[in-house]
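Summarising the annotation, Swiss-Prot assigns (6S)-5-formyl-5,6,7,8-tetrahydrofolate binding site to R24, E81, K120, K446 and lists sequence analysis as the type of evidence. Annotation comment: Swiss-Prot describes 216-368 as domain 'TrmE-type G'. For N226, T245, V247, T250, the entry in Swiss-Prot reads K(+) binding site, with the evidence type sequence analysis. What Swiss-Prot lists as GTP binding site is 226-231, 245-251, 270-273, and the listing cites sequence analysis. Residues or ranges marked as Mg(2+) binding site by Swiss-Prot: S230, T251.
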Amino acid sequence: MSSSTSTIVAIASAAGTGGVGIVRLSGPQSRQIAVQLGVARLQPRHAHYARFRDAQGAVIDDGIALWFNAPHSFTGEDVVELQGHGSPVLLRQLVARCIELGARQARAGEFSERAFLNGKLDLAQAEAIADVIAAGDLRAARAARRALDGVFSRRVDAVAHTLTRLRIHVEAAIDFADEPLDTLGGNQVRDGLTQARTLLAQLLRDAERGRTLRDGLHAVLIGPPNAGKSSLLNALAGSERAIVTDVAGTTRDTLHEAIQLDGFELTLVDTAGLRDGGDAIEREGMRRARAELERADLALVVLDARDPQAARAAIGDAIDAVPRQLWIHNKCDLLSDAAPLDVNAIAVSAVTGQGLEQLHIRLRELALGDGVESVDGEFSARTRHVEALRRAERHVDAADLELGFEQLELAAEELRLAHEALGEITGKISADDLLGKIFSSFCIGK
């Protein structure tokens, strides 16, 4: 963790050359260092032109200096931004001069870490800074911006507040153990549990959507040989990415292809067909296919529409652990009109394009839910947020079960654990190693 007694410095603008480059200082010596660099006047929140000089008085660069006095700054400390020409050579020289004058090189994410430690933003908001920077399209950028504005954090806090009220009622009932729960606000507890479960379910749904907007979806094409998996990948990608032949077992290795679909990135993984037997190379391909399924968010189960039941047998239980599955009957252009089709499957033809539009719609629904946004709009989220919400949901369910048996101490503990899981999202309950891991993934100047 950083120490606010030190003053840190780093280049805050993007790597490479540009019209403008920024060096950022934060800490108690920031203003003093700026003055020693040659900034004659510094008023809070005013821009001042200056020539930045080295130890011998030679001009390093000229530009603008801005001072944000504590606590009215991003980090909550005294912050000075030096804006000069975007030459990496000059920016590095300016940083070196700041270090000579008493600053030290900032670690990755240390400015955001100090903002978190000084209460300027919570952990989910700090992570959203990196998400805004890394957003690949406008929809993801807007979702990250909402998370940075606190939309996600406020909803987490709303659930946490509900759990706090519940814990007060339950722990009060423990102090009066001789009284039945119903005489001690039992109905309020049950109503509160219902409210907490509803809020958590809605928040988890929206967080899963936010994670997809941020990270995309990892979808594995799985099925027996010659079902048309490679042809379907090519059709979805809009290019001939995979080799296609009539020979079963053509695909031996995995092939990854990322496509943009309605505002999120879908990574398609073509895999070897699953069947009994095959040579050593094909068996290795099938092993890799099963390994991909262990990491998959979505299994696209591709079967030959002419005999889907026989094809299902080849897959067995390989997809059981995948949270989301979509069954696709390919080669539907070869079916007669009277041929039966599983009502739970989508009929497509990778060759003619039949059914691909419906497949796109279904993929979007699986990735982003029903498409109904919350009143606050979409926000970005991360895998750790989703996992924490799932833990909270499990503990609330367990608390409900324990209350049914009037096991108040156990119910109170489950509610405490649910509250703790929510606290991990915003950083109100976080281990130092978790904070270090999160902030170390940031840019140096953030």
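Think of each number as a place in line: the chain as shown, counted from 1.
Keep in mind that glycine also has a Cβ here, set from the backbone N, Cα and C atoms.
Projection of Swiss-Prot feature records onto the structure.
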{"residue": "R24", "record": "(6S)-5-formyl-5,6,7,8-tetrahydrofolate binding site", "DSSP (3 states)": "strand"}
{"residue": "E81", "record": "(6S)-5-formyl-5,6,7,8-tetrahydrofolate binding site", "DSSP (3 states)": "strand"}
{"residue": "K120", "record": "(6S)-5-formyl-5,6,7,8-tetrahydrofolate binding site", "DSSP (3 states)": "coil"}
{"residue": "N226", "record": "K(+) binding site", "DSSP (3 states)": "coil"}
{"residue": "A272", "record": "GTP binding site", "DSSP (3 states)": "coil"}
| Neighbours of S230 (Mg(2+) binding site) among the binding-site residues R24, E81, K120 (Cα to Cα, within 10 Å) | none
| task | Identify, in sequence order, the residues in the chain of E81 ((6S)-5-formyl-5,6,7,8-tetrahydrofolate binding site) that are 6 or more apart from it along the sequence and have a CB within less than 8 Å of its CB; answer 'none' if there are none. | result | A12, I22, V23, R24, L25, A65, L66, F68
| Fewest neighbouring Cβ atoms within 10 Å: which of the binding-site residues R24, K120, K229? | K120
| query | What count of other C-beta atoms do you get within 10 angstroms of the C-beta of S230 (Mg(2+) binding site), across all chains shown? | reply | 24
| Of N226, A272 (the binding-site residues), the residue whose Cβ has the fewest other Cβ atoms within 10 Å | N226
